[in-house]
């Protein structure tokens, strides 16, 4: 993988990730394909929304169908018939979400298989081996996702363990002679001094890109923005920056304003299945009765298959009848909305008009613009 930074507007960056399997224009949003599928979508449909890279889930694919089934097909790309780049998370977030059925040690994490109750062990080395078998174009290190809230002492211990695991991930990745990209994950909760130690430690080890982890886990938005403003300038300029598990459209806008290049989240697909649809002027709750006889399209500014062919009344009808097609059409639209948003951000950065884009975006959705730190305002001016 090669990252090319093309231009900037304030802290925001316009670039591209170059893989053997294709080019990803950044800032980029990655749809989530947890079990080797973006729920309800064929790979061709996902591609038509504008997505250039997907996220796969190491933990879930390890449990089902398992490494051996994957290798029978070649790798994850062949298994799911997606031939663009794939980023896989390390499994750390899912393991630490298991709560009482897992035990963290220096060596790794012991836990009960949530499917059948079997005792399983996942370590940095094992995560690297699984992701190698998946053929991931971007491999994520195995880390401890620090919960929120966490006091300073706990966050420090967690961050330091993640750094030790980062070294082990790097070592095993290199031993496997994996030629793809390996990203480090910056931890430290909401504490700037701990984030400083994490960034420096990871940069000293050396990675192909750097993710900001441990955000979007319940902390106030102001803390997320503060940490991004503090951390992003410390990441080497020639390496991509990835904000994990984020988020709402406004979170993507704010991440881009602060220098983030990559995002992923289940929100567009999960919300689509629940009838919450993102449009230029905010959110449409399609199951509300007011849409029962609305013959207009979902979003007159959208060029997706759903908006070109179906009315709000039809989408409302499908939702009320729990028809599978409704979830599919909703998902097509939400994914396209996210890709259109990212394309708009990229164009605004290219033209040096990002703040005008931001003003228009917030006016349309009827929300105030979150302030940038003073040094970021100076950069954008």
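In case you wondered, yes, glycine gets a Cβ from its N, Cα and C as well.
Model, not experiment: these values are computed from the prediction.
According to Swiss-Prot, the feature active site, proton acceptor maps to 89, an assignment based on sequence analysis. Secondary structure from DSSP puts residue 89 (active site, proton acceptor) in a beta strand. In this view, residue 89 (active site, proton acceptor) is surrounded by 32 other Cβ atoms within 10 Å of its Cβ, with every protein chain counted.
With a 10 A radius on its CB, residue 264 (active site, nucleophile) counts 22 other CB atoms from all the protein chains. The annotation active site, nucleophile is assigned in Swiss-Prot to 264 on the grounds of sequence analysis.
Residues annotated as substrate binding site in Swiss-Prot, with sequence analysis given as evidence: 89, 90, 91, 92, 93, 143, 187, 214. Classification of residue 143 (substrate binding site) by DSSP places it in coil, neither helical nor stranded. Taking all protein chains in view, 31 other C-beta atoms sit within 10 angstroms of the C-beta of residue 143 (substrate binding site).
Positions annotated as Zn(2+) binding site by Swiss-Prot: 302, 304, 307, 333. For residue 333 (Zn(2+) binding site), the Cβ neighbour count at a 10 Å cut-off comes to 28, with all displayed protein chains included.
Packing against the region 'RNA binding' (245-251) from elsewhere in the chain are residues 93, 215-217, 221, 224, 263-265, 267, 278, 337-338, 341, 361-362, 365, 367, 370: each is 6 or more residues past its ends and has a CB under 8 Å from a CB in it. What Swiss-Prot records for 245-251 (among others) is region 'RNA binding', and it gives sequence analysis as the kind of evidence.
Feature annotation from Swiss-Prot assigns region 'RNA binding' to 269-273 (among others). Here the region 'RNA binding' (269-273) has Cβ contacts under 8 Å with residues 31-32, 38-40, 327, 330-331, 333-335 of the same chain, all six or more residues outside its ends.
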Please work out the mean pLDDT for the residues of the region 'RNA binding' (269-273). 99
Do you know offhand how many angstrom separate residue 187 (substrate binding site) and residue 89 (active site, proton acceptor) by C-alpha? 15
Could you give me the DSSP helix, strand and coil counts for the region 'RNA binding' (245-251)? 3 helix, 1 strand, 3 coil
Sort out the sequence-distant neighbours of residue 93 (substrate binding site) for me: same chain, 6+ apart, CB within less than 8 Å of its CB, listed by position. 145, 244, 245
One should report the C-alpha separation between residue 304 (Zn(2+) binding site) and residue 214 (substrate binding site), rounded to whole angstrom, as 33
Taking 302, 304, 307 as the binding-site residues to compare, which has the smallest set of other Cβ atoms within 10 Å? 302
